[in-house]
């Protein structure tokens, strides 16, 4: 080696490679302990789903697809203003289409564990549109069914009844809002710990049974109409009873569960008698 290079300090021979000090040898903490486990933010967002209404801003604890970042999470404002803030309800309408379709399929197949699917991520998008669609279908098809039945007799006495829409809107919206809230307070009174928004979500999806049923009730054969509405009412009642039993956590509330099932079947009979008589 040349004497000029031999006299240079070792650091000059290493060029730009920095020397390692004792501080640099400290182990680096992992980015997240327990790879694959949910973070504290995710857990906080999920826990807020049990509270109603959720906190405004960001996702606010509403529906989030699995793995989505918890951007904008804020603490729940537990005061009366949250109930009158539109932003408090917005997270329950931020739901993917494939999730709504999956829940619609589960609502007509009661053994598919519907309540477990909405346990962490309840939504209100599906129930609102299901109820609204059912209202328009009952009003339109109810009039059309009356036309088909009276066509055999005397067409001159048939008139389009606009009152069907008023009745459908009052009964369906009232049922979808008041009945779940009533059973929510009853379950709480008897020691269970239900969630109001999950009850609204479950009862809303239970009405999906009656959308295809209203199409089938156009058949101008009275006996078939009663068979169709009996099957739809029985399936919808079973859906409500099975999901309520799953959410009671072992509590003996069979009287309340049976009452909810009977009330659901009574709704089916009302649809038949009033709109498709």
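If you go along the chain as it appears here, the first residue is 1 and each next one adds 1.
Glycine too: its Cβ is placed from the backbone N, Cα and C atoms.
Curation plays no part in TrEMBL annotations; they are all automatic predictions.
Marked as region 'Disordered' by TrEMBL: 28-71.
Annotated domain 'Yip1' per TrEMBL: 109-267, in sequence order.
If one looks beyond the transmembrane segment (124-144) by at least 6 residues along the same chain, the residues whose Cβ comes under 8 Å of a Cβ in the stretch are 89, 92-93, 95, 100, 103-104, 160-161, 164-165, 168-169, 172-173, 176, 197, 200-201, 203-205, 207-208, 210-211, 214-215, 217-218, 271, 274-276. Here TrEMBL flags 124-144 (among others) as transmembrane segment.
If one looks beyond the transmembrane segment (164-187) by at least 6 residues along the same chain, the residues whose Cβ comes under 8 Å of a Cβ in the stretch are 127, 131, 134-136, 138-139, 142-143, 194-196, 199-200, 202-204, 207, 244, 248, 253, 256, 260, 263, 267, 270, 274-275. The annotation transmembrane segment is assigned in TrEMBL to 164-187 (among others).
The transmembrane segment feature in TrEMBL is assigned to 199-217 (among others). Nonlocal intrachain contacts for the transmembrane segment (199-217), taken as residues 6+ away from its ends with a CB within less than 8 angstroms of a stretch CB, comprise 103-104, 106-108, 114-115, 118, 122-124, 126-128, 130-131, 133-134, 137-138, 141-142, 145, 172, 175-177, 179-181, 183-184, 225, 228-229, 232, 235-236, 239-240, 243, 264, 268, 271-272, 275-276.
The annotation transmembrane segment is assigned in TrEMBL to 223-241 (among others).
Same-chain residues lying 6 or more positions outside the transmembrane segment (253-275) and placing a CB less than 8 Å from one of its CB atoms are 138-139, 141-142, 145, 164, 167-168, 171, 175, 179, 183, 186-187, 190, 192, 206, 210, 213-214, 217, 225-226, 229-230, 232-234, 236-238, 240-241, 244-245. Annotation source TrEMBL lists transmembrane segment at 253-275 (among others).
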